[in-house]
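> Sharing a structure, written as structure tokens. Questions coming.
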Amino acid sequence: MEKSPESQSPFDEKLPCAITETAQETSVGELAEVLAPSSEAERRLLWKLDFFLIPTMGICYMLQYMDKLALSQATLLNLRQDLVIRPLQGLHGSQYTWCSAIFYFGYLAWSWPTSYLIVRLPLGKYLAISVFLWGGILMCHAACQSFQGLITARFFLGVGEAAVAPGFGLIVGMFYKRDEQPARQAAWFVGNCVANLIGGVTAWGIGNAASSIQSWRLLFLVLGGITSGYAIFLLLVLPDSPSTAFFLSSNERRTATQRMLSNETVDVEEAPGGAKFHWNQVWESVQDPQAWCLVLYTFCVNLANGGLTSFSAIIVAGFGYSSFKSLLLQMPVGAAQLVFLIITAAIATFIPSSRILSMILNVVVAIVGVALIYTLNDSHKVVKLVGLSFVGAFAVNIPLALSIISSNVVGRTKRSTVSSAVFAAYCVGNIVGPQFFLASEEPVYATGIRASLCGLALGVLFLGLLSAYYVWENRRRDALHGHVNNLHHFPSSTAQAPTSHTDRQNTSFRYVR
């Protein structure tokens with residue numbers, strides 16, 4: 001996938017910028033103090049980062065997912081009846097299906113502008129403004145009077161939310177080492193699980209509130225207002241880089257910058273003032289097996305994600321529960337996700353070379369869950385609800401996938417190309433997935449469930465191929481260039497400055513899996 005020099009990924013330019021900013025503020029003597037920080041000093045720094053950054057990002061991501069779930073919940077609060085959303089003649093699916101899918105058109109459309117803005121504007125402030133705007137757009141959902149109005153609002157909601165996940169991934173890459181990233185990516189993703197836990201209760205409470213405003217409109221107003229309010233907090237506290245983190249001392253900021261250098265994923269040739277677009281890295285991305293495996297895996301599993309997220313409330317109601325009880329029964333999904341996330345993060349952090357294996361296990365659990373929903377009849381509605389809870393397991397792979405990209409794809413242009421391709425696959429999968437959930441099959445959605453099963457099964461295949469490629473490539477490099485004992489830390493000669501090579505060009509680089 002080709003990009004213009006102006007369309008750079010958030011994972012590309014910010015890191016060298018941050019290094020340059022801090023280096024300019026640091027004398028030679030002061031820099032010597034942080035080149036080899038004591039383990040105690042580094043532990044204190046890590047504690048501060050975890051205490052401040054992770055909850056701040058986690059709450060924001062929780063609000064994002066609650067806002068995303070709001071459309072599904074609103075269907076149980078009579079949104080479709082009030083807006084006369086009906087099946088489309090001559091098209092597969094329904095107007096509601098397109099209301100779900102159009103969100104990802106906006107998400108995809110704004111990915112290119114946001115990749116430009118996120119590296120040229122102060123990161124924390126750009127994210128805060130994006131959150132504020134998406135909260136306002138969600139509130140605008142309450143003013144919709146027709147399908148046309150709702151689908152327009154959904155498109156712009158996707159635009160507003162496009163910066164959050166890549167922005168948070170960039171923040172983790174700025175402040176944490178490679179071996180620390182899986183647990184931290186998973187930590188802010190806890191917000192997704194909490195959203196599932198409390199989102200249904202919130203919608204249930206709003207649905208039962210005495211108000212002259214229709215319940216589904218009130219749902220959008222409340223959630224959007226909370227999100228925009230939180231954005232003001234983000235504007236005040238979210239750092240743009242380690243050098244602007246107000247909660248760190250000056251020495252801690254320098255130490256945080258030095259820690260980035262040990263990742264060996266920052267391109268020294270692409271510091272500010274020397275922005276280069278390497279076409280050879282674009283071609284390398286096209287030829288790289290890991291890029292293809294990541295793109296195809298992302299597309300396949302999001303065939304399931306797109307439909308099951310948007311239609312989950314309707315599916316639960318189809319088990320034989322009332323609309324309001326269906327809202328409450330979304331809580332087990334969040335609880336199960338939280339359990340899978342904790343287990344996955346622990347395995348990936350403490351067991352070497354276990355990220356992809358953990359991802360495969362999560363997808364297999366999701367396959368079992370979808371199979372239970374598909375094969376059992378309504379007399380087994382409790383077991384089907386357990387199956388729906390299992391389905392959420394594959395969603396916790398998102399932080400692990402982000403950590404694989406940030407750890408294994410090196411070179412600004414290459415990471416830009418791969419990140420953009422994976423992001424596009426995510427959006428396309430979420431656009432295509434809901435089209436299999438046919439209105440004529442509500443609430444069983446047999447075609448959609450079968451498509452979800454196929455997508456998840458193919459996801460396992462591509463993860464297996466990715467793991468096999470990493471094993472083969474690492475062994476090939478060991479045979480040619482010698483064995484590297486630790487995949488997370490590098491010799492001091494390479495850790496003192498950012499690398500100028502891609503992962504395929506750097507013979508000392510080994511892939512983590």
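Using the three backbone atoms N, Cα and C, a Cβ is placed for every residue, glycine included.
Because TrEMBL annotations are produced automatically, they should be read as predictions rather than curated entries.
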> Can you dig out which of the ranges 60-80, 417-437 TrEMBL describes as transmembrane segment?
417-437
> With a cut-off of 8 Å between Cβ atoms, can you find at least three pairs linking the transmembrane segment (101-119) to the transmembrane segment (382-405)? Only pairs 6 or more residues apart in sequence count.
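Since fewer than 3 Cβ pairs under 8 Å link them, the transmembrane segment (101-119) and the transmembrane segment (382-405) do not come into contact.
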> Could you pull the average pLDDT for the domain 'Major facilitator superfamily (MFS) profile' (53-476)?
84
